[in-house]
Each structure stands twice: as C-alpha cells, then as structure tokens.
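For reference, the structure is listed below as structure tokens.
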C-alpha cells in the first residue's frame, strides 16, 4: 500500500457532535518525533470544556436517538465507523506514524485491528439484545426475579500514546456497544487520529453526545474528567503514578475505575527451544516492537545458562540487522520514541545501568546515521543484578536486560521478582513445563513460545501494580454495563404476614 502525502488536519474539540473551539482558545504543538519539527496544533481542553462534554453526554442518554437504542441499532453505528476507518486506512496510518513515530507498516496493521475491533463489538452489541433481561430461578414461588444489563452511564476514557487509535478503540467500541455515552481524553503526545475518529463519527451520523473527544493536558482536561461528579466510570491506560492519582480521585466519589498500567514482563528461555532463530526473533519482537514502547513488553530476558552464550551471540546478530530509520521509510523496523522527555528518560536508565555495574552488550545511544529525531538504538544489557534499577523499573523503550538461571525454580523466582504483573512468556518445547510456568507466573497474560500477540477476543489486563479489570473480549463490554436486580412479588393478594394485622373495627 502506497504511503500518501497528507496535511495535518486542524481540528477543534469534538463535543455534542460538533467541532468546538476550546473556551480558553489554547492549543498545543504536535511534534513529529522523527525530525523534532512542529507539524501542527491540537486544541487544549480545560475544566469548562469537560463540563460541556459531560452535559452533552447526559443529554444523549436522555434522548431516544441514543439512550433508547437497541444493541442492533448501536451495532449499525459501530459497523459504519469500521467501514469508514477502513476507507481512510492509508491516511490514518500516515497520521499515526508522523504523530507517534512507529513504523508505517505497524501503524497500518493497527488500523486493521481498529476495524476488526469495532466490528467485533458490533456483534456483541447485537447479542446484548437477547441478554438484556435474564431470569434468575428462586427457591420461593411467590417471587420472580430477573436481571437487567443496562448502560453504566457517562464514562471517561483516558488513553495512551503508544497505540493512539487502537487503544482508543479498545475503550470506545465496548463503551458505545453497551450504550454508554463516552468522553475520550487521548494523550496530548499523540492525539491526531483520535480527533479523526470524531470526524468519522460525525460522517456516519453517530448521535450527538454519544462520543465527545477532548484533547489536552492531563492536569487540565484529564483530572477534571476523573473528578467530575456526573461521570460514572473511568477507564485508564497509562503509567502507574498517573493510575494511582486517578484511583485516588475516583475513590472520593466511589467511582469505579479500570486501570491498565505498566509492566516489566519476563521472557523465560530454556535450552530445549524448538528453533534458535525463532526464539531469538520472538525475544526481539517482545521488546523492540513499537519502538519498545509497549506496556506488556517482555523486557527481562531470563535465559538458561546452558544456552546463554549461543543465544546471546545470535541475538546480537539479529539486533544489528534491525533497520532504524524514518518510520515512513520502507522496511523500517525501529523508529523514534515519542518525545524528547521519553528519549532522555530512556538514556538515563541506560546510563544508570552502566553506573551500577551492568554491561551494555549492544546499543545504548543514538544511531550515528540519524542526527535529528528521538532515535535510540535497540539496547541489550547483560550482567544485570536484581537490585538494579534496570531490572526493577519500566523503561518503555527499546531496552532488553538479561539474566541467566540454572533450574526451573530459579527461573520462576526471577520471573516473579517484580512489582508488576501484566505479561509473561516462556519458550520451551516441554509443554508440561510450560503448563507449570503458566500456573506459576504472577501475571494476567501468558504467552507460550511467543511474545506479544494480541487479539480482540481474549481478555487483556494484569495484576499487582499493572492494574486491575480487563479490556477486550466480552470482559470489556461488562466494564460498561450495570447489573440491575428486579424482583416482583407475584402473589399480591396474599398477605406477607410479617407484621400482626391490626384488629378490624
């Protein structure tokens, strides 16, 4: 597919089905991470804009054109959005690449997943109609009970910059499928395609207020959304410290939250792997895909001593072969990280690892052939101790740290030696061993003989400090539904006979 040359659309905030200028008229620069140039501006919402969006959402839930829709009717909107996204795939992939820095072919693949995700939740929305009211059998014949599954209400969706439109879809699609009215606050570092989703919703005729999109800074737009008394739920994907702030603010209103936070996931490699090159490639993919900016990245390689020298030698050869370039170039496999702040943070992690006694086996700096942009070489760090920062903390960049083990028990201990619990991988041909590790891993996701494949049908989420709640699959739809019990006394002519009846005069 040819990569189009396009201009950056100049959008406003998307509120109540219309483009509206922020009340304070503030805008933020869009910086292309590949060349550090300002390529446009996004609107910066503040508390007043949040309040307008919440009022629009409440109004949408009261109106018949959204609040009274069936699942089948909502499914038509979701399928129309999917079709429009597919139609605009080349443009959206290009916008995402110049906004986020990921290789264009990865961005294009993400857009395919966006389409599939909207279609999947369209199917689930239709299925909701037959599940909306479910009878519950009781032990007393004088009562009957059923359960209603209703939209939770107005939901705030706060999304990250590493998969801008895809992470948006992970939240928007199930929220709309459930019949909620959603307010999206994407990361200010990569908002372009989320704003384009607003234009797509306008084009397909999504009822006003069903989805509003507010770009801007976290403390100016995100915080007021979280603490707004008329927002019924918050779903957040992002950093642990921000997740703690969101959880604390939401707790003041006893507001439910879903949190998908950071990770420091292990990939455990045994000496009985099926194929050396296949195992090496999965190890690279698990850490360096999406420029290393993946919450579930298997960035801790835990490898059996007996295969470590051979494996690391081959890993080094493969790593040196990774094409680092402008992400719009053909065959680019590693682009820039998202921002100068992230670039400096990653280099500081690498520097600290070296100061603490680790060895930089490869990388650790800017590629020599790229003078501008936030590029960092894929980096492999060995001689790592479990007390080191590089072992403990999420880097969120193309940095792999390595530690060896002798026996299974040691590998499990190392794998679980983390405050996080999002993902974990094991590479071994011994499936009984893989099953033991599946049970022993303290994580929400386990990969066997692979790393990072992600599908929209199974659940996605972690444990420990990686958050709680699940996205994707039917589990995500449940996040946006309220379960209401309805019990009827079916023998109203018969007295309940709890109190003594007054004497008749």
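Placed from the backbone N, Cα and C atoms, the Cβ positions cover glycine too.
Predicted, not measured: the structure shown is a model, and the values here were computed from it.
The Na(+) site recorded in Swiss-Prot comprises 99, 189 together with one of 15, 31, 267, 273, namely 31. Close to residue 260 (active site, proton acceptor), meaning Cα to Cα within 10 A, are the following recorded positions out of 31, 189, 239, 295, 460: 239, 295, 460. The Na(+) site, placed at the center of the C-beta atoms of 31, 99, 189, has further neighbours from the same chain whose C-beta lies within 8 angstroms: 30, 32, 33, 100, 101, 161, 190, 191, 338, 339. Each of the recorded positions 159, 162, 239 was scored by other CB atoms within 10 A of its CB, and the lowest score goes to 239. Annotated pair residue 99 (Na(+) binding site) and residue 161 (NAD(+) binding site), C-alpha to C-alpha distance, rounded: 9 Å. In space, 161 is the closest of the recorded positions 159, 161, 186, 295, 460 to residue 31 (Na(+) binding site), judged by Cα positions.
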